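A quick write-up on the structure given underneath.
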Amino acid sequence: MDRRQFLSAAAVLAAATTPMTPSLAEAAPAAPLNPPGIRMAGIRMIPVAGGKYKVWTKKIGSGAVKVLLLHGGPGFSHEYLEAMESFLPEAGIEMYYYDQLGSNNSDQPDDTSLWTLPRFVEEVEEVRQGLGLDQFVLYGHSWGGILAIDYALKYQKHLKGLVISNMAAGIQAYLKRVNALRSLMKPESQKLIRELEAKQAYDDPAYEKIMMEEMYPQMICRLDPWPEPVTRAFRHANLTIYNQMQGKSELEVTGNLKDWERWDQLSQIKVKTLTIGATHDEMDPEDMKRMATLMPNARSVTCPQGSHLCMWDDQDFYFKNLIPFLKSV
């Protein structure tokens, strides 16, 4: 029997012995997002945007204090916050990761009309409802801090506490700080960056090289090498969202967040609040302190050795202050 005859006979035998598989038309209906009775390692997919899309969440630990984590970006993911699970669960704090729409484990639609702050605020509320959270702590880091502030201004009745980590209450304060930090670059790099910005050549490899080699190691994360969850989050970043909302540069804001200012509304946030800054952060730690003075039930801490990702590069100080605050609410 030659090879062709063998394969033909094998096909006949397989057809005779293999149960018929249903056609696509006969296929079973799609399973629910979160099948009842199935253990999913704490993962739940939550419908958002009126049920059109779904976002990924994961619960870790259990306890009376429940914390929903809002990652930065916009367009990054929960991954760089994975330091949290080394500290919060063992302290009896129930934590929830959440990849915002367009980020990593969540749906990534092409609809650019979705990438606005008001819609993200409503998404957080949909996630809150989907997880069944009430009287919980909302934690926001960087862009997540913007989102947390605006959520608190609209849905404060659902909050028991608020943490704003490494995010000033206005874009102008941020721009003032990052422009002062240009001095971290070599003089020739500062000159080249200005020239590239004038041409809006943000995609020029020289621009990215200067940022990654001269700025980020000083103001984003001061560990060398960067922790794997941080580099993973950078690899998975959705730059379409980042570019639309922030802009193409860390040193300028040209996206739809450019006019965001909430200093004069902070007094409306009555829940217990902690602001966290860091000495080497791209956000001025003095702004984090000022924010706390403008909220009636807030206090501030500054990580002395930390930068923007001070949950990594000033870890002991960060969690020695975060955990007692969370337990206090």
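Every residue, even glycine, has its Cβ placed from backbone N, Cα and C.
TrEMBL annotations: computationally assigned, not manually curated.
Residues or ranges marked as signal peptide in TrEMBL: 1-25. Residues or ranges marked as domain 'AB hydrolase-1' in TrEMBL: 67-314. Under the heading active site, nucleophile, TrEMBL lists SER142. Sequence annotations record features per position, and here TrEMBL assigns active site to ASP281. Per TrEMBL, active site, proton donor is recorded for HIS308.
Positions of TrEMBL features highlighted on the structure.
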residue : record                    : DSSP (3 states)
SER142  : active site, nucleophile  : coil
ASP281  : active site               : coil
HIS308  : active site, proton donor : coil
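Other Cβ atoms within 10 Å of the Cβ of the residue listed as 'active site' number 27 in total over all chains. Counting every protein chain shown, the number of other Cβ atoms lying within 10 Å of the Cβ of SER142 (active site, nucleophile) is 25. Note on the residue listed as 'active site, proton donor': other Cβ atoms within 10 Å of its Cβ, all shown chains, come to 26. Mean model confidence for the domain 'AB hydrolase-1' (67-314) is a pLDDT of 98.
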